[in-house]
């Protein structure tokens with residue numbers, strides 16, 4: 001009995017200790033929960049503060065936009081609710097190790113850009129800056145370069161054509177032409193940096209409409225004033241060790257190249273280059289500037305250099321861009337440009353004239369200075385012209401056949 005009593009007493013003490021341990025555990029958990037609640041409460045306060053700051057910033061931007069009475073561009077920051085503000089503090093992206101095969105293909109203008117994810121394209125762009133020696137030359141911070149490139153991607157809009165993939169296409173074509181034309185031996189590293197950065201930035205925040213749309217003017221589409229480009233280019237100087245005066249010159253040179261991609265200036269720029277190309281002087285600053293303007297123009301509209309299976313989807317994207325604008329113009333009772341009318345335009349009719357009268361003359365002029373581009377870039381353009389002319393002949397034959405059949409059916413009904 002005594003042993004039983006001792007056992008029961010021991011068991012009671014054990015339960016009492018377990019209860020105390022349980023109380024201690026519960027108290028600790030309650031303290032942790034209270035701390036979490038407090039932290040969450042602080043987060044809510046911070047979130048509300050950020051929302052208020054953003055509202056103030058948006059109101060300030062709106063008031064500035066309303067005050068631009070002398071600007072011919074009627075674009076308003078609240079037009080579509082999709083405008084992105086430049087992001088400086090952005091997260092990093094995964095680092096992809098490029099295979100040797102990819103590295104070699106990246107140097108060629110025939111590189112297939114269609115099957116790459118955004119993170120992979122960012123890694124390729126980063127590699128281009130390293131490979132050309134720009135990171136070392138300008139003492140760039142590699143981490144800041146990564147973040148700047150991601151900030152660029154964040155500020156390209158989602159539209160049928162002028163999107164981040166197009167940015168990558170133009171930048172890769174520029175990188176390919178630098179290698180193909182051996183520009184490292186003819187231009188300075190500063191010139192190469194200007195070419196690459198202009199290619200990366202050339203369509204930042206592009207709305208998807210061209211200059212003929214009444215509410216979108218060249219000041220918005222192709223001006224360094226849009227999309228916070230001054231801020232974007234200023235960010236360049238944060239990871240490049242460049243003297244302020246030199247940076248101003250570089251910044252202006254980049255802006256000059258971006259403005260050169262406006263097709264309204266195509267004839268003017270090409271004529272200027274034609275007058276220089278026969279006696280081209282790589283030590284002449286005016287000659288070099290003109291060459292850089294032509295190079296970025298070539299890269300910007302170079303889709304037809306690729307094989308047909310790669311280039312043709314881009315024609316679809318371009319036509320979708322035109323039709324999107326013409327539909328909007330038609331719905332607003334505005335005149336529609338013939339080359340944008342979905343009831344009149346076909347792939348062959350859209351491409352034949354552009355290839356014959358814009359692309360081939362420009363690339364053949366560049367070929368006078370760099371004969372090595374004929375096989376890789378000029379001949380594919382000629383092949384593409386022939387391809388679309390054959391398609392047009394087929395389309396014309398089908399149209400004529402339908403007309404004949406309709407006439408025959410009409411005669412039978414009578």
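Glycine is treated like the rest: Cβ placed from N, Cα and C.
Please treat TrEMBL annotations as automatic predictions, because they have not gone through curation.
Quick look at what TrEMBL annotates:
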type	residues	note
ACT_SITE	162	active site, proton donor
BINDING	162, 163, 164, 165, 166, 203, 300, 351	AMP binding site
BINDING	166, 202, 203, 300	Zn(2+) 1 binding site
BINDING	203	Zn(2+) 2 binding site
DOMAIN	86-395	domain 'PDEase'
Separation of alpha carbons, residue 202 (Zn(2+) 1 binding site) and residue 166 (AMP binding site) (Å): 10
C-alpha spacing of residue 163 (AMP binding site) relative to residue 202 (Zn(2+) 1 binding site), in angstrom: 11
Lowest local Cβ density among 163, 351, which the record lists as binding-site residues, within 10 Å: 163
Protein Cβ atoms within 10 Å of residue 203 (AMP binding site), excluding its own: 24
For residue 162 (active site, proton donor), the one of 203, 300, 351 that lies nearest, given that the binding-site residues are compared by Cα: 203
The one of 162, 165, 166, 202 whose CB sees the fewest other CB atoms within 10 Å, among these recorded positions: 165
Cβ-based isolation winner (fewest other Cβ atoms within 10 Å) among the binding-site residues 164, 300: 164
Cα-Cα distance, maximum over 162, 163, 164, 165, 166, 203, 300, 351, record's AMP binders, Å: 23
Remaining residues near the recorded Zn(2+) 1 site, that is with C-beta within 8 Å of the centroid of the site residues 166, 202, 203, 300: 162, 167, 170, 199, 206, 261
The domain 'PDEase' (86-395) [mean pLDDT, rounded to integer]: 84
